[in-house]
Structure formats: structure tokens, C-alpha cells
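Presented below is the structure to which this report refers.
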Amino acid sequence: MRVRFRGVEVRETVLLHGPSGWGEFGPFVEYADEEAARWLTAGLEAAWGRWPEPVRDHLEVNATVPAVRPEQVAGVLARFDGCRTVKVKVAERGQTLDNDVARVAEVRALVGPTVSVRVDANAAWTVDQAREALTRLSAYDLQYAEQPCPEVADLARLRVLLARDGVDVPIAADESVRRAEDPLRVAREGAADLIVVKVAPLGGVAAALEIVAGAGLPAVVSSALDTSVGIAAGVALGAALPGLDLACGLGTVGLLAADVAARPLVPTAGVLTVADAHAVVSAADQPGLAGHELSGSRRDWWLERLARCHEVL
Ligand SMILES: O=C(O)CCC(=O)c1ccccc1C(=O)O
Ligand SMILES: [Mg+2]
């Protein structure tokens, strides 16, 4: 990683190659096999299966700003060419609400009033903390707040409190969809205005499409910090969604210090194209792989994990 992101400094992953092309298996290292197995289903779908027909040929993508200091924000934004939406990480462990306000204020000052700004708290706030934080952060005009609190019931309660306070910040559910036993509970309980969907944790493009249809809420496709190979699957999902009005969090290849693809899937003029994603997945080889191959115990760890997850399927 160029800068630390959700506690990750070095991103490791497995690339799979099958008759349909390249797939990715990169569950975060702390995930147990049962959860990680869904990521394998997604990788196998990419390499051996078929994705649904696209209904659009390109997607708008957001810039993603990790929980950096205000003076680092301009440097991060410079890696996201032409993005008209910015997502800012907040509520990072060891930081304060003042740090979040300073970072979001810096983003808003740099991008001006016409760019959309959203925040992602990764479930780190209590309801009271979220209420206070979003009230303060709403001064910078937020498009939405992603997973402010951990529990579905917290999200539902927060929405009621914000409405009562007259704080106009829609709530998006991420972890409550991708790590939940029941990904549709959020929608049933009125706990979010929209959902974030990620191909790998949801077990593939087809599975994610089904969840969006079942939820009946607007959706945003986002990455799991994948290489260009995993991002290509995200593009396939975004391209197949019947409706898509918001920028997708698929610009994260720019956060990696290196990538596997000959032409990394980074946005140009704020956009990723289905054609470029197709080229990554169907390439004969991934030239960047050679310089970054794992060896020794890390390689063994991933191969053993891959075998265990395959047993789970
Ligand atoms: O959505 C984005 O802008 C980028 C992707 C992102 O934030 C993310 C990446 C890896 C793991 C979790 C998350 C998250 O949305 O919480
Ligand atoms: Mg999130």
C-alpha cells in the first residue's frame, strides 16, 4: 500500500487462472475460512464461470481517501484522475473526531462545492458518537455516511435520530451486508438508505446482483482493496446492475504501490470502462505478477488457506 488502509500496510492476494480468464482470491488475513470461502467462490466465478451481460459500458468511480493527515489529502486525491465523488475514511482507531473533521474539511476545501463527498466509519462509532460526528461533518455537505455503527438496529435508530435532529445525511450499509448472516436484513428493517456491495465477500457477481435485487435499495459497488483482477469483477457487477446512479468505490488500485496488470484499472476522467476490465481478465498473463510473487512461508500460508477454503465450498 502507498499509505496504510484499514490497518493494512502490505496487501497479499492469490490470482487464479481458468478458461474464462483471471480471478482473485484475497480475503483479509484475519478472516476465518468460512467467510474467506465466499471470496473463493467469487474468484472461481471469474476464472471458470460467466458474468451477466453488461447494461452500460462504463462506471463513474469515487476517489478514496484513507485516514491520512490533512496535509496528505492533496497527494492522495492527485491519484484519482477526474473523480467527481470522494469517499473519506473516518473514525480510525487512535484518532479523534477533530481529526475526521479536519480531513473532511480539507477534502471539501480542495474539491469545491460541486464534487460529492461521502464518509466511511467502518462500524467504529456508537449511535451517540455517530450522531455527534455526523452532525458536525454535515457542515461539509455529505452525500452519505457508510456503516457508521456496527449493528443493524443501531443504523435504524441513528436514521431516526438524525431525521429528528434535521441532519440530512443518508446512511449506507456495508459490513451489515457483506459480513452479515442475512444481507437483506438491513433493507427489511429500514436501517439504510442504500447498500454497498462487493463482489468477493458476497461470493461473486451473480450473488451480489441477487442481493441488490432482494434489497430493493440503491447500490454502490466497491472494492475489497483488490488488484486490477478483482476490480474487473467489480466493474462487471456495476455494469450489470439495472440501476446505478452513484459513483463506485473501484478506484483503489491507485492506493496500491504496485499492481499485477499491464494496464492497471485506475480511473481516467473519473471513469472505468467495461472494455478495459475485460482486457485485464482475459489477458494471457499478468506481467506485474512476476516482480511481486510471494515465496516461502507466506506462499505456503496462502496455498494452505486456499485448500481449506475449497474444502468449505
Ligand atoms: O469504497 C471505496 O471507496 C474503496 C473501498 C473501501 O473503502 C474498502 C476497501 C477494502 C475493505 C473495506 C472497504 C470499505 O468500504 O469499508
Ligand atoms: Mg465501507
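Each residue, glycine too, has its Cβ placed from N, Cα and C.
The candidate list D98, D168, D174 contains one residue that TrEMBL assigns to the Mg(2+) site with D120, E146, namely D174.
K198 (active site, proton acceptor) falls within neither a helix nor a strand when secondary structure is assigned with DSSP, and so counts as coil. Closest in space to K89 (active site, proton donor), of the recorded positions given as D120, E146, D174, K198, is D120, taking the CA atom of each residue. Of the recorded residues, D174 (Mg(2+) binding site) and K198 (active site, proton acceptor) place their C-alpha atoms 9 Å from one another.
Residue counts for the domain 'Mandelate racemase/muconate lactonizing enzyme C-terminal' (70-165) under DSSP, split into helix (H, G, I), strand (E, B) and coil, are 51 helix, 15 strand, 30 coil.
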